[in-house]
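Features as listed in TrEMBL:
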- 35-51: compositional bias 'Basic and acidic residues' (COMPBIAS)
- 35-54: region 'Disordered' (REGION)
- 78-109: coiled coil (COILED)
């Protein structure tokens, strides 16, 4: 407001409308400021809501990935246990076969030894009977 308008406004009839105009302008400014603050708060709430939603989505994805990793590691552990058990069974099977082969070989060796002992006994008997010529067992006299 200029000085001249102020002097003219000193007249109460003119001062009242100017005061009302000032008050209206002030109210409009306050209302505009309030509106701006309210819009800013709304934007901030929207951003916070969006952030919370994004965090929930990320948490859900991470939980899913974690579940998959846990399942995969448990599956791998089960597979390793299964393979270890299978290897142990295979090793036990091989040990049984080896023991069976050894027993069979021992039985065969014992039988061969008995045959040799009998043969030696016969050879000794024949040699005691006389000085007859001994033929190889493989050859016929």
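Backbone N, Cα and C atoms are what each Cβ position is placed from, and that goes for glycine too.
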**Report entry** Model confidence over the coiled coil (78-109), averaged pLDDT
**Finding:** 97
Query raised in the report: How many of the residues that make up the region 'Disordered' (35-54) does DSSP mark as helix, as strand and as coil?
Result: 20 helix, 0 strand, 0 coil
